[in-house]
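One structure is given here, and the rest of the page talks about it.
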Amino acid sequence: MRPPIHKLICKRLADQSSHHSQHLYHQYIVRNLPAVLQMWRIPTDVPQVAVPIGLKLAEVTADTPLDEVFKHWKESGGVILKNILTPAEAHQITTELESRIDSVQRGSRVPHEDLAAFHGAKTKRAGDLINHSATFRERILENDFIHAICQRCFGEDGHNGDYWLSAATTLNASGPQPAQVLHRDLTSYPPYALLGPEGTEPQINFLFAFSDFTDDNGATRIIPGSNKWPFHQRGNMAQTIPAEMKTGDCLLIGGKVIHAMGENKTETERKCIQLTVIPSFLTPAEAHPFIIKLETVKKLSKRAQRFVGFRSQYPRGSPGLWTKDYIELALHLGLDDLQGAMEDLQHVLNQPKQWDTIDYDKM
């Protein structure tokens with residue numbers, strides 16, 4: 001079991017105070033501060049000795065028990081969710097988003113060589129999908145299987161228990177185009193580097209195939225088992241395998257697994273939408289409340305409204321984040337009345353508070 005964040009932090013504080021010596025505490029700070037200040041300056045001279053587990057990615061469906069889904073996911077760092085969309089649904093979403101995608105240029109607008117390479121010179125990364133596709137909202141944003149995975153991931157092992165959408169964007173990569181650099185997605189949230197591979201997940205990614213993913217057209221490449229490696233182990237492209245999928249399938253990966261968009265060796269476009277989900281105490285990649293229209297939000301369920309930041313967030317042990325006058329944001333936005341908001345939050349009101357359940361003596 002992965003130690004939850006609060007236990008790792010509290011244990012560190014308890015260890016410090018147990019020294020009963022300012023001198024020892026000062027030595028501890030001097031010894032560890034450089035590592036904190038250089039969170040993601042992981043040394044490059046560490047021998048690269050980690051090896052992949054050599055597994056093919058498992059394939060599951062929405063009918064697969066979550067225990068089995070998570071077993072495969074935690075073992076290799078990725079799992080393929082089959083037939084989440086029908087080909088007709090995928091085509092409908094593509095059609096509804098056509099004008100939105102056409103309005104976005106290929107390649108990055110940022111004049112920075114590394115960022116431009118990571119973006120992909122022939123890749124279209126279009127956001128603001130929720131306003132433009134009713135089918136996307138109904139079949140992805142409101143998908144019960146997707147939310148069940150999120151609830152399990154961000155609720156287990158002492159995790160914060162609440163989550164929201166970080167980004168919903170296209171990753172439409174035309175070819176020919178070289179592969180991305182191998183990376184871990186958790187680099188967006190540097191403190192998680194201190195927790196190591198046994199820490200809780202800072203984010204998860206659902207990569208939906210809107211065209212077939214093949215080895216030749218740039219299927220996401222992943223190093224199975226690298227989610228368990230020390231973070232100074234970076235792997236290499238020869239250790240990766242392609243996550244080949246049919247249109248409508250979805251690749252689920254966590255923030256700790258090493259992966260990259262593969263090289264597109266063809267003249268065709270590999271079409272993808274990524275749905276990135278994070279604990280609701282972290283900052284999303286997309287500023288949804290400034291992008292999604294209120295008239296669109298009113299068409300969503302309460303769960304989806306909270307998912308995109310139009311309702312308050314309630315991580316375990318918190319009296320509420322993202323509020324107005326210290327109360328549910330939906331009241332301020334006219335999305336609910338007090339009675340409706342309280343009924344919706346009953347599961348939050350009934351949960352034990354984190355500070356009531358921590359046994360500090362046993363940490």
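Sequential numbering from 1, following the chain as shown.
From the backbone N, Cα and C atoms, a Cβ is placed for every residue, glycine too.
Record check: Swiss-Prot places His183, Asp185 at the Fe cation site, and the matching candidate among His112, His119, His259 is His259. Cβ environment of His259 (Fe cation binding site): Gly77, Gly78, Leu182, His183, Arg184, Asp185, Thr220, Arg221, Ile222, Ile223, Thr240, Ile253 lie under 8 Å away, each six or more residues apart in the same chain. Same-chain residues with CB within 8 A of the center of the His183, Asp185, His259 CB atoms, the Fe cation site residues themselves not counted, are Leu182, Arg184, Thr187, Ile253, Gly255, Val257, Ile258, Ala260.
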